[in-house]
Amino acid sequence: MTTTYTIGSLESFLIAIFVLFLGQFINRRVPFLKKYKVPEPIIGGLIIAIVITVLHFNGINLDFTLPLEKILMLMFFTTVGLSASYSQLLKGGKKVFIFLGVASVYIIIQNAIGVSLASMMDLNPLMGLVAGSITLSGGHGTGAAWAATFDELYGLKTLEFAMASATFGLIVGGLIGGPVAQRRINKHNLISEYGDGSQHHEKFPDVVTYNETEEDKVTPRRVIETMFMVLVCVVGATYIKEYTSGLGIGWLKGIPDFVFALFLGVILTNIYEFTGAYKFNTDTVDIIGTVSLALFLAMALMSLKLWEIFDLAMPLLVILGVQTCVLAVFAYNITFRVMGSNYDAAIITGGHCGFGMGATPTAVMNMGSLVNHYGPSPQAFMVVPIVGAFFIDIVNLLVLQGYIAFIG
């Protein structure tokens, strides 16, 4: 008999904050985690997820109430947009398309690995796509959507397979990004053009660092003004998502709402910069973005259902293990070099590990953990979210359609 306990929204919010403290506490005391910059939300979130899993197998389920989770995600991506001034966009514009090319090539490789290994183990090749870019580059939402499609068209039941694969990727993507990027940074003695440590805002007032140790100078008025602008973008993104979903256009329906939040932020900050009507305080944008990201990730990770992974068949574990190794090698050797072999390239490499195995928020979490220690990389925070949140989904869809047509 299973008993389910629903945790209220206030209590769930409290636990999310505790997750961050727990991750910080463990990170400081475990040399391996500290050395390889494993993000604190991953550490704390996994500990809570393990506890919940133990309770699950003892007949107790905990159901968190997290109404702010999605709002916090939208708030963070809005701050990414607000930090993208015209000068920053010019600086990172070319890199967006270069990184898109790199990530697109890897999606083809990712599916080739999945299909080949699935065929070798006498699985339907479509299962290889599920353990390929459908879930590892697409995430849980894409996995669920394709599972429904495969069920309808081919009578292939893949939902549990897809959810387990996506969950595995989310965890591993957060674990390998830091070590892979850090190895490049240390090997080549790479440094941020803005320097390491803190106090970046004094020297570079236009840079948003997402560094939790930055001594930001904010005022209540600035917080209220910035929060208002952030929430305007969040609400606007929600309405745009509802409108585009209602149009019935396939590719528009597939665009996640945080993409709209990001681009609304970009539009708003550049309108203000062009007209001179208002100037965003980057210190305040930094604080709101950093807090929103930390809480969102804590909520997302503490809600993971790890027991889904225990139900994985050995073939899926083999496929996912190979996918993890190949992505780490590809990001370390190819992504880093193509993106310029500099500090920004190293941070982007960590981000690629995040969304190549998990999701865009995982990529951002990896990069955030790295810049906290090594210094800001505004270019990485512009390039990776734009590619990972929008363009890569379009490429993924085209590549998948090609593979499905080939498999027949």
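The backbone N, Cα and C atoms fix where each Cβ goes, and this holds for glycine too.
Automatic prediction, not curation, is the source of TrEMBL annotations.
Quick look at what TrEMBL annotates:
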type	residues	note
TRANSMEM	6-26	transmembrane segment
TRANSMEM	38-59	transmembrane segment
TRANSMEM	71-89	transmembrane segment
TRANSMEM	96-118	transmembrane segment
TRANSMEM	161-181	transmembrane segment
TRANSMEM	223-240	transmembrane segment
TRANSMEM	255-275	transmembrane segment
TRANSMEM	287-307	transmembrane segment
TRANSMEM	313-334	transmembrane segment
TRANSMEM	346-368	transmembrane segment
TRANSMEM	380-406	transmembrane segment
TODO: Would you confirm whether the transmembrane segment (6-26) and the transmembrane segment (287-307) meet the contact rule of 3 or more C-beta pairs below 8 angstroms, pairs 6 or more apart in sequence?
DONE: yes
Between the transmembrane segment (161-181) and the stretches 38-59, 96-118, 255-275, 313-334, the largest tally of CB pairs under 8 Å belongs to 313-334
For the transmembrane segment (287-307), the candidate among 38-59, 255-275, 380-406 having the most Cβ pairs under 8 Å is 38-59
For the transmembrane segment (313-334), the distant same-chain contacts (Cβ-Cβ under 8 Å, at least six residues beyond its ends) come to 102, 105-106, 109-110, 113-114, 117-118, 121, 123, 128, 131-132, 136, 161, 164-165, 168-169, 172, 176, 180, 183-184, 349-350, 352-353, 356-357
For the transmembrane segment (255-275), the candidate among 38-59, 96-118, 380-406 having the most Cβ pairs under 8 Å is 380-406
